[in-house]
Amino acid sequence: MASRAEDEAMRHAIALAAFGLGTTSPNPVMGCVILDSQERVVGEGFHAYAGGPHAEIVALAHAGERAKNGTAVVTLESCDSVGRTGPCTRALIQAGIRRVVIAVSDPNPLAGHGATTLRAAGIEVEQGVREEEAAAGNVAWLTAVRRGWPYVTWRVASTLDGRTAAVDNSSEWITSEAARIDVHQLRGEADAIIIGVGTVLADNPRLTVRNVRDGSLAIRQSLRVVVDGDGETPDDARVRDGLAETWIATAAEVGTGPDGLVDLRALLRGLYQRGVRAALLEGGPTLAAGFLSAGLVDRVIGYMAPKLLGAGRPSLSGKELSNGVGVGILREPIDLEFTEITLVGPDIRYTAVPRYPARKPEPSLTAQLTPRVPKKADISAEERASSDIMRGVPIRSGSTKEKGED
Ligand SMILES: NC(=O)c1ccc[n+]([C@@H]2O[C@H](COP(=O)([O-])OP(=O)(O)OC[C@H]3O[C@@H](n4cnc5c(N)ncnc54)[C@H](OP(=O)(O)O)[C@@H]3O)[C@@H](O)[C@H]2O)c1
């Protein structure tokens with residue numbers, strides 16, 4: 001059983017892990033705290049970006065000699081594979097660690113069997129400490145790796161009467177500046193942002209991650225994806241401005257479903273191959289209906305403005321084609337469970353998880369989907385201040401997209 005100090009160290013390691021959200025894909029986020037033989041915190045770290053040192057390596061460097069006979073507390077089972085950074089199990093063994101406390105076992109077969117290797121080296125290993133909490137912080141990566149396509153968050157902005165655009169198709173005025181700032185935080189945590197060609201033609205969005213007030217761009221930009229069956233995205237569309245990578249996903253490239261539209265499941269598998277683990281679906285009603293009717297949305301984050309419109313586009317629009325094939329038509333209502341409701345400026349932000357009738361959540365994931373998913377913004381000032389490794393670690397610079405884990 002984990003001691004009180006180990007439990008507290010795990011709580012801190014989970015908070016540290018969240019610093020990596022949005023910059024570690026295709027790797028998971030991960031935090032590590034090293035306790036010395038007297039259970040005092042002597043090292044801590046997190047995985048900041050793909051290709052950079054893993055959490056254990058940062059924490060061991062911080063601890064130095066004090067790690068000998070100590071305990072490593074890690075949010076995810078340490079890797080046992082030789083990637084760009086070498087196996088963390090070897091580093092823990094070489095540092096003379098006596099005990100390793102793990103929250104979540106690694107489902108990724110490429111990472112190897114860290115716990116087994118550690119035990120074989122005579123290290124005491126305890127697994128499952130604060131497992132649910134740590135899994136919630138890594139829900140996108142865990143979900144994506146277990147099933148082979150990215151975790152999809154549908155972001156929608158609507159008026160109180162459920163309108164997502166006016167009759168003239170304009171929508172950018174719906175929510176407040178505070179909500180738009182929040183959306184850019186969500187974009188920063190996603191590896192890809194997906195829209196349909198209808199939104200390109202109506203709004204011509206940039207889809208960059210930026211400061212809403214001064215327009216300055218974040219160092220790391222998410223992949224922009226336009227689902228565009230016939231390749232109708234205009235040459236001068238803002239998504240083609242070169243400020244971030246863009247994929248115009250056409251039917252010819254991705255393939256089509258029975259409705260003749262872009263096969264969304266194939267699209268997501270293609271994104272996974274490109275290293276995308278967390279995707280943000282940003283519109284509009286037709287594409288959102290396509291994703292939901294295929295059971296491909298994992299989480300909904302909605303911003304509801306205290307405005308009434310009376311007319312305009314609803315959140316979802318499905319239609320029946322002349323050949324009888326339904327596009328984005330929900331044959332049964334989809335139940336959702338609210339996991340968080342909060343105010344962002346004057347708007348309500350709700351987070352909800354769909355409970356698809358035909359696709360019950362895998363038992364192993366049920367627990368992970370319910371708790372609130374930690375975000376970078378949740379990390380307390382105290383946690384930031386207490387973390388030595390926050391000083392000098394280039395969280396965003398050098399982030400690279402790789403096809404495989406490291
Ligand atoms: N308030 C909000 O949160 C929000 C967010 C985004 C957009 N909007 C508003 O939404 C409006 C645009 O709506 P929209 O429905 O035309 O845009 P959309 O959903 O972004 O794009 C729809 C298009 O995506 C393409 N598509 C390809 N494969 C698909 C599939 N499997 N399922 C569904 N669609 C597929 C189709 O065009 P092809 O057949 O040519 O491939 C379809 O017409 C604008 O007024 C915009 O302002 C509001």
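Including glycine, each Cβ sits where the backbone N, Cα and C put it.
Marked as active site, proton donor by TrEMBL: Glu56. The feature Zn(2+) binding site is assigned by TrEMBL to His54, Cys79, Cys88. Residues or ranges marked as NADP(+) binding site by TrEMBL: Ala157, Trp173, Thr199, Gly284, Pro285, Thr286, Leu287, Ala288, Ala289, Gly290. The annotation substrate binding site is assigned in TrEMBL to Ser171, Arg187, Asp203, Leu207, Arg210, Glu282. For 375-386, the entry in TrEMBL reads compositional bias 'Basic and acidic residues'. As annotated by TrEMBL, domain 'CMP/dCMP-type deaminase' applies to 4-126. The annotation region 'Disordered' is assigned in TrEMBL to 355-406.
Structure coloured by features recorded in TrEMBL.
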residue	record	Cβ contacts under 8 Å, 6 or more apart
Cys88	Zn(2+) binding site	His54, Glu56, Ile57, Ser78, Cys79, Asp80, Gly114
Ala157	NADP(+) binding site	Thr164, Ser171, Ile174, Thr175, Ala179, Val183, Gly302, Tyr303, Met304, Ala305
Thr199	NADP(+) binding site	Pro205, Glu282, Gly283, Gly284, Leu287
Leu207	substrate binding site	Arg187, Ile193, Ile195, Ser222, Arg224, Arg238, Val239, Ala244, Glu282
Ala289	NADP(+) binding site	Leu316, Ser317, Gly318, Val327, Gly328, Ile329, Leu330
Sorted by position, what residues of the same chain at least six away from Pro285 (NADP(+) binding site) have a C-beta under 8 A from it?
Thr164, Ala165, Arg313, Pro314, Ser315, Leu316, Ser317
Just to be sure I understand the contacts, which recorded positions have a Cβ under 6 angstroms from any atom of ligand 1? Candidates are His54, Glu56, Cys79, Cys88, Ala157, Thr199.
Ala157, Thr199
Looking only at the domain 'CMP/dCMP-type deaminase' (4-126), what is the model's average confidence as pLDDT?
93
Using DSSP, what is the helix/strand/coil residue split across the domain 'CMP/dCMP-type deaminase' (4-126)?
47 helix, 26 strand, 50 coil
Does Arg210 (substrate binding site) have same-chain partners at least 6 apart in sequence with Cβ under 8 Å from its own Cβ, and which are they?
His184, Ser216, Leu217, Ala218
Pick out which of the binding-site residues His54, Arg187 has the most other Cβ atoms within 10 Å of its own Cβ.
His54
How many other Cβ atoms sit within 10 Å of the Cβ of Glu282 (substrate binding site)?
26
Within 10 angstroms of the C-beta of Glu56 (active site, proton donor), what count of other C-beta atoms is obtained when all protein chains are considered?
30
Of all C-alpha pairs drawn from the NADP(+)-binding set Ala157, Trp173, Thr199, Gly284, Pro285, Thr286, Leu287, Ala288, Ala289, Gly290, the farthest apart lie at a distance in Å of 25
Name the residues of the same chain, 6+ apart in sequence, whose Cβ is under 8 Å from the Cβ of Asp203 (substrate binding site)?
Asn169, Ser170, Ser171, Glu172
Excluding its own, the Cβ atoms lying within 10 Å of the Cβ of Ser171 (substrate binding site) add up to 22
Using a 10 Å cut-off, grab the number of neighbouring Cβ atoms around the Cβ of Cys79 (Zn(2+) binding site), all chains included.
28
